[in-house]
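Here is what Swiss-Prot says about this protein:
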BINDING   GLY88, GLY90, ARG91, LYS111, ASP123, GLY124, ARG174, ARG181, ASP260  ATP binding site
ACT_SITE  ASP250  active site, proton acceptor
BINDING   ASN251, ASP260  Mg(2+) binding site
Amino acid sequence: MTVHFPFDNSYAALPDNFFARVAPTPVAAPRLIKLNRPLAERLGLDPDWLDSPEGAEILAGARLPEGAASIAMAYAGHQFGQFVPQLGDGRAILLGEVIDRDGVRRDIQLKGSGRTPFSRMGDGRAALGPVLREYIVSEAMAALGIPTTRSLAAVLTGERVVRDQIQPGAVLTRVASSHIRVGTFQFFAARGDREAVRALADHVIARHYPEAAQADAPYLALLEGVIARQADLIARWMMIGFIHGVMNTDNCSIAGETIDYGPCAFMDTFDPKTVFSSIDHMGRYAFGNQPPIALWNLTRLAECLVPLLSADEDKGVEIAQTVLGGFAERFNATYLAGLAAKLGLFTTQADDAQLSQDFLAAMAKGRADFTLTFRRLSDAAIDPTELGTVRALFDDPAAFDDWAPRWRQRVTAEPQDGAARQAAMRAVNPAYIPRNHRVEAAIRAAVDKDDFGPFHELLTVLTNPFREQPEFDRYADPPQPHERVLETFCGT
């Protein structure tokens with residue numbers, strides 16, 4: 001029996017310099033760890049077959065399904081501000097594209113599937129730890145409502161890989177709206193290949209921004225669309241305390257999805273300077289730097305598109321600068337509206353933005369836990385005078401004590417009753433996030449003991465992040481001092 005992948009491959013129809021055709025490297029003994037059955041069904045795939053030994057072979061790259069494109073995509077990128085003219089998929093192979101049940105085109109990619117022409121000195125493989133991290137966090141982000149790539153499956157290869165230590169090898173099957181990045185445009189722009197930039201832009205418009213095709217200036221509309229999606233995405237990150245960790249231009253999705261989870265982390269104690277990534281020595285990608293870094297990345301995209309914006313280079317630059325100037329307004333509108341909702345404010349008053357910013361400042365001064373503070377504020381929404389459980393989260397509650405009466409006065413001016421206010425706040429303030437120490441514990445159990453129980457349990461909790469789960473209350477707790485994760489690692 002063979003499974004049918006209803007491939008409809010568009011990227012593989014682009015010119016040959018957009019990718020390299022390469023087959024996955026077979027592995028010794030594929031063993032399925034986790035299959036995302038609801039996602040498989042959404043993609044029009046048979047989850048029962050994928051859950052079989054033959055399915056595991058497909059998901060590990062040991063066999064290719066009929067009609068697979070099997071390509072490694074070319075791209076460049078700025079890595080920590082330094083331009084690298086050729087990167088590309090060094091350990092990932094795009095099997096192909098399918099149209100899901102919602103009519104949306106989706107990439108299906110194997111990550112850790114062997115060497116490609118873009119591997120440079122790498123082995124093309126993935127270690128189990130990073131595969132589990134991406135599976136956990138990407139699926140948690142989806143449950144939180146954040147645009148993201150998805151994880152269809154995680155498979156053990158039966159082989160070992162050498163990183164800082166020897167680990168079991170694994171393959172992640174990743175699903176995305178596409179894997180086109182800012183760095184994909186940079187790859188061709190750096191080579192002066194304007195026709196390739198135009199072909200890529202036309203492909204992106206057709207796939208992700210069809211409304212731009214009807215605009216008077218389609219490439220300008222494309223740039224505006226990418227800027228809007230990135231501004232909204234980063235605002236959503238900031239609302240949940242997510243730190244990407246490696247916001248290079250090759251990790252910036254043109255589709256506006258969170259991609260490449262590497263050394264990502266979630267903030268515990270609120271501090272805008274928080275950095276977890278072991279390779280971010282200067283704090284370039286710290287939590288509070290994410291909005292300006294996103295704008296920096298978008299500026300690199302705009303540079304690639306200047307020749308398409310106007311035949312006159314100076315005019316093209318002027319157009320790009322004007323459009324980039326709209327990033328801050330879009331980001332602030334999304335971010336401040338989100339913060340207001342987290343505080344239970346669903347009408348608008350002039351001082352709402354200041355109230356939100358003052359709350360964040362109080363959290364920073366008091367070293368309060370970001371996620372738990374907002375959640376407990378939601379719990380107090382029925383009776384805004386009962387803020388003791390929120391206050392208890394602050395090492396130094398002085399600033400919170402100054403802020404709390406202002407919030408009480410403001411929130412009681414809202415038209416909802418207490419129960420409706422609480423329900424609305426709980427719908428945007430999660431009880432459960434992928435706490436770094438919980439993710440690390442799940443990874444360690446799997447890598448060190450071949451015990452996937454903590455991994456599966458954590459996924460169960462994170463599938464419903466906004467709903468109280470009394471049997472899993474411990475997953476809402478911040479880490480104890482001895483549990484704190486101080487650094488996260490890329491895993492490549």
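Just so you know, glycine gets a Cβ as well, placed from its N, Cα and C.
Maximum C-alpha to C-alpha distance over the listed ATP-binding residues GLY88, GLY90, ARG91, LYS111, ASP123, GLY124, ARG174, ARG181, ASP260 is 23 Å. Sequence-distant contacts of ASN251 (Mg(2+) binding site), defined as residues of its own chain at least six apart whose C-beta falls under 8 angstroms from its C-beta, comprise GLY77, ARG181, HIS244, ILE259, ASP260, GLY262.
The number of other Cβ atoms within 10 Å of the Cβ belonging to ARG91 (ATP binding site), over all protein chains shown, comes to 21. Secondary structure at ASP250 (active site, proton acceptor), as computed by DSSP, is helix.
In this structure the C-alpha atoms belonging to ARG174 (ATP binding site) and ASP250 (active site, proton acceptor) are separated by 16 Å. Rounded to a whole value, the Cα-Cα separation of ASP123 (ATP binding site) and the residue listed as 'active site, proton acceptor' is 20 Å.
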